[in-house]
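Annotated features in TrEMBL:
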COMPBIAS  285-300  compositional bias 'Low complexity'
COMPBIAS  301-311  compositional bias 'Gly residues'
COMPBIAS  319-332  compositional bias 'Basic and acidic residues'
REGION    273-332  region 'Disordered'
TRANSMEM  12-33  transmembrane segment
TRANSMEM  39-57  transmembrane segment
TRANSMEM  69-90  transmembrane segment
TRANSMEM  115-148  transmembrane segment
TRANSMEM  155-177  transmembrane segment
TRANSMEM  197-213  transmembrane segment
TRANSMEM  342-359  transmembrane segment
TRANSMEM  397-422  transmembrane segment
TRANSMEM  434-451  transmembrane segment
TRANSMEM  463-485  transmembrane segment
TRANSMEM  553-581  transmembrane segment
Amino acid sequence: MFQPVLDPLGGSLGLSSLVAALPLVVFFVLLGVLRVQAWLSAVAALATSIVVAVAAYGMPVGQSLNSAVLGALFGLFPIMWIVVNALWVYQMTVDTGHFEVLRRSFGRLSDDQRLQAVIVAFCFGALLEALAGFGAPVAISSVMLIALGFKPFKAATVALVANTAPVAFGAMGTPVITLSELTGLPLEDVSSMVGRQTPLLAAVVPVLLVYLVDGKRGVRQTWWPALACGLSFAVAQFVCSNYMSVELTDVVAALVSVGVLVLVMRMATIPSPAPEEISGDEPDGSAPAGGDAAAGDGSAAPGGTGAGSGGAEPATQTKRTETVTDPDGETRDSTRAAVNAYLPYIVIIVVFALTKLPAVKTVLEEKGTALLNWPGLHVADPVSGKPAASTVFKFDWLPATGTMLLLSGVITAVLLAVSPRVATRAYGRTLHQLRWAILTVATVLALAYVMNLSGQTSTIGNFIAGAGAALAFLSPVLGWLGVAVTGSDTSANALFGILQVTAAKNSGYAPELLAAANSSGGVLGKMLSPQNLAIAAAATGLGGREPELLRKVVGWSLVLLLLMCVLVFLQSTSVLGWMLLS
């Protein structure tokens with residue numbers, strides 16, 4: 001039985017922490033400074049972590065390699081199992097033309113560009129984040145905004161800033177699920193705590209988007225509907241993450257917020273200036289490559305993330321989307337087509353709601369869950385000496401979120417009359433598009449497992465626990481840095497989740513508070529990540545203008561991060577301590 005020592009180098013916790021941090025330094029320098037591909041950066045960091053584990057911590061070579069294998073397997077299941085099936089459902093809607101109907105239905109809700117920004121980038125973007133994630137919301141919402149008359153730079157900026165509040169629960173809750181699995185904290189606790197932090201962002205982001213589009217005038221004229229949208233999203237996100245389902249949080253919040261926004265718009269009289277009168281920075285009005293043709297096909301989405309349609313098969317399927325002609329001669333989608341466009345999300349909500357029923361949940365867990373003590377991996381906790389919980393692999397193939405998404409996809413295919421050939425080709429194309437993301441996530445999780453089981457993470461966590469009262473304030477910054485470099489809240493949670501929990505336990509803070517802060521702070525680094533900036537630039541035809549986009553959004557990222565830091569700090573004190581889990 002291997003038991004890590006927290007200060008293996010001469011009994012010095014500080015020196016040991018410096019060495020333990022080498023894999024993270026390698027990863028972030030390669031990815032963020034040298035711009036090496038994510039999977040290669042992760043492989044190099046993994047190799048470094050194994051060397052440190054063996055040479056500095058005395059972990060047997062076999063055990064360190066075995067830890068990497070277990071981590072990679074966890075990256076494949078349940079993490080990428082969720083992402084693949086979620087993206088497959090989205091891919092089918094693209095291939096059959098139903099995504100275009102959904103896009104048009106959102107685009108027709110208002111002709112006011114300020115509210116269009118909220119509807120498309122915030123509400124619809126959250127719906128895309130729920131299923132697709134991995135940059136798809138930025139790519140798709142930005143080209144949709146251009147199709148609605150936005151200038152490319154403004155469309156990219158709005159899309160980047162909007163892609164914040166939903167991120168922690170994106171891809172059917174993948175970041176939060178990863179955080180829970182790696183830290184050993186109950187999913188309900190982690191989800192609830194994140195749901196008591198990110199709603200603050202959700203409440204203010206729509207108002208911020210209005211300001212980005214039309215400055216002070218936009219806020220003065222449209223603050224009410226924008227705030228109503230943000231508050232309704234925040235309330236729905238809180239309720240769903242705390243009392244319903246972590247997987248459905250973004251789906252429910254997006255649908256509730258757009259419903260409230262439509263209701264408020266019908267009640268309020270809002271002066272709507274012409275698009276050419278809208279103020280705001282536009283360094284250069286260069287047109288996007290592809291023009292309006294890009295609006296919704298997903299082709300500008302990040303390569304390898306599955307956000308693009310992939311072309312080919314949809315021709316015969318698209319004809320099922322019916323249209324009707326209004327008395328004024330305008331062609332619109334029929335009610336049936338609109339219902340079918342929303343059907344996949346309705347199916348997902350129903351399936352997940354049923355699996356939360358106690359009787360159904362019990363049967364699924366009893367019949368479809370197996371616990372496997374990973375063979376050849378014998379590691380003890382560095383403090384308690386008990387076998388490490390992460391050496392047990394939980395194969396919950398039946399109740400897994402990914403399996404429920406697969407079932408939802410099959411039901412959706414049947415209800416929409418998608419042929420088996422089209423559905424299977426969409427699945428194959430999804431796997432192909434995600435191939436590099438799958439490799440990256442598996443390698444990052446392998447890195448996380450080696451660092452966690454060898455004791456490297458515990459060493460760093462014990463060292464930063466010395467920050468004392470400042471730890472709670474700085475905790476979101478760690479997640480922010482992680483996402484700013486990796487572009488993924490899931491990866492940041494994998495890298496820093498246990499570190500945050502270890503530091504919390506050694507400082508007397510609630511572990512779920514700092515774990516949640518890592519994810520909540522991380523979402524604010526999303527708009528700064530090289531991956532997202534490149535996606536936004538490519539989607540809007542602004543290739544090479546990433547530095548300008550960065551300068552435009554970095555200030556807002558820092559302001560929102562400061563708000564999150566203050567919130568987490570106050571939650572750690574008697575001021576907002578009542579927000580913690582009892």
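Using N, Cα and C of the backbone, Cβ positions are placed for all residues, glycine too.
All TrEMBL annotations are machine predictions without curation.
The model shown is predicted, which means the values in this text are computed figures rather than measured ones.
In summary, the transmembrane segment (115-148) does not lie against the transmembrane segment (12-33): fewer than three C-beta pairs, each 6 or more positions apart in sequence, are under 8 Å.
By number of Cβ pairs under 8 Å, the transmembrane segment (12-33) is matched best by 463-485 from the list 69-90, 342-359, 397-422, 463-485. Counting same-chain residues at least six beyond the ends of the transmembrane segment (463-485), those with a Cβ under 8 angstroms from any Cβ of the stretch are 13-14, 16-17, 27-28, 31-32, 167, 491-493, 495-496, 499-500, 502-504, 506-507, 509, 513-514, 517-526, 528-529, 557, 561, 564-566, 568-569, 571-572. Within its own chain, the transmembrane segment (342-359) has Cβ neighbours under 8 Å at 89, 92-93, 98, 102, 127, 244-245, 247-248, 251-252, 255, 399, 404-405, 407-409, 411-412, 415-416, counting only residues six or more beyond its boundaries. Residues 113-115, 117-118, 121-122, 150, 154, 157-158, 161-162, 164-166, 168-169, 219, 222-223, 226-227, 229-231, 233-235, 237-238, 253, 278, 280, 516-517, 520, 523-524, 556, 560, 563-564, 567-568, 571 of the same chain, all 6+ positions outside the transmembrane segment (197-213), place their C-beta atoms under 8 angstroms from a C-beta of that stretch. Counting residues 6+ beyond its ends, the transmembrane segment (397-422) has Cβ neighbours under 8 Å at 77-78, 81-86, 88-89, 92, 95-96, 98, 172-173, 177, 247, 313-314, 317, 320, 340, 343-344, 347-348, 351-352, 355, 361, 364-365, 367-370 in the same chain.
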